Amino acid sequence: MAPNLRKSHPLLKMVNNSLIDLPTPPNISAWWNFGSLLGICLMTQILTGLLLAMHYTADTTLAFSSVAHTCRNVQYGWLIRNLHANGASFFFICIYLHIGRGFYYGSYLYKETWNTGVILLLTLMATAFVGYVLPWGQMSFWGATVITNLFSAIPYIGQTLVEWAWGGFSVDNPTLTRFFALHFLLPFMIAGLTLVHLTFLHESGSNNPLGIVSNCDKIPFHPYFTLKDILGFTLMFLLLTTLALFSPNLLGDPENFTPANPLVTPPHIKPEWYFLFAYAILRSIPNKLGGVLALAASVLILFLAPFLHKAKQRAMTFRPLSQLLFWVLVANLFILTWVGSQPVEHPFIIIGQLASFTYFTILLILFPIIGALENKMLNY
């Protein structure tokens, strides 16, 4: 009998073991769809990005008009650009839901998988930031100026670091050129890290909604979850195309329709919606270095999740107090996102400070305490 090529071929064997014959818990819910959705997002972004890069010019005098030219004169250029810009939003929606799922069900106890995931998030944030600068509109320019300027808060080496990043004494042509190079490079780095992420995941196997070992009860990934994933893809593409075709500028900033002008500062400088929660935390501290540290901590705190887990049960499925706290944290993140989009004035300043304080308190103090309390409750 001839050997099964899918199981014997050196390359196909790897694909088979990760996408076809992969033993999967039978009870994973739709919350487990977001990993594959992120993969599809990445592929879509690389494809649309490549097509956009073919028509883009990374020069301060031409960048804005080259993007306008793509939208006006290139076949379906407007569609490619809208899919790429809104695809970034969907990428972040998926990654935030994916992280939320991991947090709720205790998936962070697979430390290597979790840590590579956090590194992926940081790389994605860097990619989105440098990408937002490329159209060279007002918000692109001032966003780049404000965020890169934060590095100057680092003691001793800060100013040198910023000038080195800018390639001069302000955000200018060298900055745009290197940001384009980075924006082209980073997605491939994300793709590489994704393989590392999956390698670590397949060492342990997937977690499941009950947070218990399911080795005795697994089913093959194909056809069950391939079909389930295709349903997820269809729904996401439906939402993405609807957004890109009906209201492509809904999530963008109108300020970015004005070409970059270093002499005119926009009234409210704010990043894209997916960074607003971190931006609100940055603004809530009146000291520059303190704000930068809080901004970094807001994302890096995810690395601490495995060490702050004090509960005997893995998932929050049967832990009502932790569930309540989790949803308070989610609501808190929505408040931070909203505050980040508002001007720096009363009452938004105090709301932002309270929400930032609550964010860190919940993650660092309340979750471990509630976990330990629930352990005590198991005895009664």
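Cβ coordinates are placed from backbone N, Cα and C, and glycine is handled just like the others.
Secondary structure from DSSP puts H183 (heme b b562 binding site) in a helix. Annotation comment: Swiss-Prot describes H84, H183 as heme b b562 binding site.
The Cβ of H98 (heme b b566 binding site) lies under 8 Å from the Cβ of F34, G35, L38, G117, each on the same chain and at least six residues away in sequence. Sequence annotations record features per position, and here Swiss-Prot assigns heme b b566 binding site to H98, H197 based on similarity to another entry.
Taking a C-beta cut-off of under 8 Å and a sequence gap of six or more, H202 (ubiquinone binding site) has these contacts in its own chain: N17, S18, L22. Under the heading ubiquinone binding site, Swiss-Prot lists H202, citing similarity to another entry as support.
What Swiss-Prot lists as transmembrane segment is 34-54 (among others), and the listing cites similarity to another entry.
Summarising the annotation, Swiss-Prot assigns transmembrane segment to 78-99 (among others) and lists similarity to another entry as the type of evidence.
Per Swiss-Prot, transmembrane segment is recorded for 114-134 (among others), and the stated evidence type is similarity to another entry. Residues 56, 58, 63, 67, 88, 91-92, 95, 98-99, 102, 107-108, 140-141, 143-144, 147, 175-176, 179-180, 182-183, 186-187, 189-190, 193-194, 196-197, 200, 271-272, 274-275, 299-300, 302-303, 305-306 of the same chain sit 6 or more residues outside the transmembrane segment (114-134) yet have a Cβ under 8 Å from a Cβ within it.
If you look at the transmembrane segment (179-199), the same-chain residues 6 or more away from its ends with a CB under 8 A from one of its CBs are 18, 38-39, 42, 45-46, 49, 53, 56, 58, 113, 116-117, 119-120, 123-124, 126-127, 130-131, 133-134, 144. According to Swiss-Prot, the transmembrane segment annotation covers 179-199 (among others), on the basis of similarity to another entry.
What Swiss-Prot lists as transmembrane segment is 227-247 (among others).
Taken from Swiss-Prot, the feature transmembrane segment covers 289-309 (among others), and the record attributes it to similarity to another entry. Sequence-distant contacts of the transmembrane segment (289-309) (same chain, at least 6 residues past either end, Cβ-Cβ under 8 Å): 99, 103, 106, 108-109, 111, 114-115, 118, 121-122, 125, 150-151, 153-155, 277-279, 281-283, 356, 359-360, 363-364, 367-368, 371.
The transmembrane segment feature in Swiss-Prot is assigned to 321-341 (among others). With a threshold of 8 Å between CB atoms, the same-chain residues lying at least 6 positions outside the transmembrane segment (321-341) that come near it are 100, 103-104, 270-271, 273, 275-281, 283, 311, 348, 351-352, 355-356, 358-359, 362-363, 366-367, 370-371, 373-374.
Annotated transmembrane segment per Swiss-Prot: 348-368 (among others), in sequence order.
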H197 (heme b b566 binding site) versus H84 (heme b b562 binding site) - Cα distance in angstrom: 24
H183 (heme b b562 binding site) and H197 (heme b b566 binding site), Cα-Cα, nearest whole angstrom: 21
Chain-internal residues, separated by at least six, CB under 8 A from H183 (heme b b562 binding site): G49, T127, V130, G131, L134
Same-chain residue ranges lying at least 6 outside the transmembrane segment (227-247) that approach it to Cβ under 8 Å: 30, 33-34, 36-37, 40-41, 44, 79, 82-83, 86-87, 89-90, 94
